[in-house]
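Trainee: Residues or ranges marked as domain 'Nucleoside diphosphate kinase-like' by TrEMBL: 3-138. TrEMBL lists LYS11, PHE59, ARG87, THR93, ARG104, ASN114 with the feature ATP binding site. Residues annotated as active site, pros-phosphohistidine intermediate in TrEMBL: HIS117.
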Amino acid sequence: MAVEKTFLMIKPDGVKRQVIGDVVNRFERRGFELKGAKLMVATREIAEAHYAEHADKPFFGELVDFITSGPVFAMVWEGESAISLARTMMGATKPADSQPGTIRGDFATTISENIIHGSDSAESAEREISLWFAGELA
Ligand code: IDP
């Protein structure tokens, strides 16, 4: 058990659906502390770097097009076991597996438009926080 920082991002579908407040509220209620947040349109460069591990997948182009298609709400949250707990609160990537009560289970029905991204490991969290919030956090 350790206090961790994680990178979470409400994707363009979540911003359009106006679920920013609901999502922020869930993490506040859980007891996490918001360390940084911004509404921004991602460049292709940042989107491609963010999803670099999927560069050879057939859906990569579509994924980058989607993430850059409108504003995203990028956030850094801190708390005990924040990385794994946030993943549990997000729900599974595949809509068929995301349980009601989770963010994806409550709001998403497709794999490509699944509302939220969250770091999946300490290494990803560090890399993604540096990528999206380079030098910006207090
Ligand atoms: P995660 O977002 O739950 O960590 P990853 O496997 O890292 O899931 O995939 C990153 C994102 O790529 C997913 O959230 C989803 O939006 C998209 N994605 C994953 N698999 C597919 C697919 O088969 N078709 C279209 N989009 C996909």
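Even glycines carry a Cβ here, placed using N, Cα and C.
Have a look at these and tell me how they're positioned relative to everything else.
Mentor: Proximity of THR93 (ATP binding site) to non-local residues of its own chain (separation of 6 or more, Cβ distance below 8 Å) is seen for ARG104, ILE111, ASN114, given in sequence order.
For HIS117 (active site, pros-phosphohistidine intermediate), the count of additional Cβ atoms within 10 Å of its Cβ stands at 19 [all protein chains shown].
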Trainee: With DSSP helix as H/G/I and strand as E/B, how many residues of the domain 'Nucleoside diphosphate kinase-like' (3-138) fall in helix, strand and coil?
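Mentor: Secondary-structure composition of the domain 'Nucleoside diphosphate kinase-like' (3-138): 62 helix, 30 strand, 44 coil.
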Trainee: I'd like to verify something. Among the binding-site residues LYS11, ARG87, ARG104, which ones have a C-beta closer than 6 angstroms to some atom of ligand 1?
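Mentor: Going through LYS11, ARG87, ARG104 in sequence order, none turns out to be close to ligand 1.
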Trainee: How many angstrom lie between the most widely spaced Cα atoms of the ATP binders LYS11, PHE59, ARG87, THR93, ARG104, ASN114?
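Mentor: Largest Cα to Cα distance for the ATP-binding set is 22 Å.
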Trainee: A 10 Å Cβ contact count, applied to the binding-site residues LYS11, ARG87, ARG104: which residue has the minimum?
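Mentor: Counting other Cβ atoms within 10 Å of each of the binding-site residues LYS11, ARG87, ARG104, the minimum falls on ARG87.
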